[in-house]
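According to TrEMBL:
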| type | residues | note |
| --- | --- | --- |
| DISULFID | Cys31-Cys155 | disulfide bond |
| DISULFID | Cys68-Cys74 | disulfide bond |
| DOMAIN | 32-175 | domain 'Peptidoglycan recognition protein family' |
| DOMAIN | 43-181 | domain 'N-acetylmuramoyl-L-alanine amidase' |
| SIGNAL | 1-21 | signal peptide |
Amino acid sequence: MCRRCALLTWALFALLGLGLGAPGEEAPGSCCPIVPRREWKAPASKCGEKLQHPVRYVVVSHTAGSHCDSPASCLKQVQNLHTYHSRTLNWCDVGYNFLIGEDGLVYEGRGWDIKGDHTGVTWNPMSIGISFMGNYMERSPPPRALRAAQSLLACGVAQGALSPTYEVKGHRDVQRTLSPGDQLYEIIRTWPHYHE
């Protein structure tokens, strides 16, 4: 399948809400479509430190930059973040395990198995880092992006990567930062697994 066709398929799944339950709903085995690294042309990761499953914590952040609302713009955004993290910060890969676009798609970063570089030395080895692409200080992500994140979490539990009793934390709960932005922070505080 051509790369553009694959991206359009991912977008169609997101727009139709296929595999996505209502916010807060965790249907066993339901997994939203995840745009794999090869679809956004990620170079081979240089990371090797594994996470121990099931992971107990999920840290939600925002990139604090531009938002993206189409598969094409989100693909470019993920590539830009990868370049910044790997070349400017000299990390082994993009820092997040997953990224969420306003297009309603989940983009694979380091995935379920590899330790991220998203929240510092204390939290990185024991958490999955999920970052919403955009700045959510004054605006909220659209519902399709929030549904994608919720579905991703349900998927992690179904696959055994996340503990069924996992805890969601805002980036600001574990580090001195404004992330994930005031508006997104208020939303995640309503999620069933949120704990300060």
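Note: Cβ is positioned from N, Cα and C throughout, glycine not excepted.
Bear in mind that the values here come from a model prediction, so they are computed numbers and not experimental data.
Counting only the Cα atoms, the space from Cys31 (disulfide bond) to Cys74 (disulfide bond) is about 20 angstrom. When DSSP labels each residue, the domain 'N-acetylmuramoyl-L-alanine amidase' (43-181) comes out as 41 helix, 31 strand, 67 coil, counted as helix, strand and coil in that order.
By neighbour count, meaning other C-beta atoms within 10 Å, the densest spot among the disulfide-bonded residues Cys31, Cys68, Cys74, Cys155 is Cys74.
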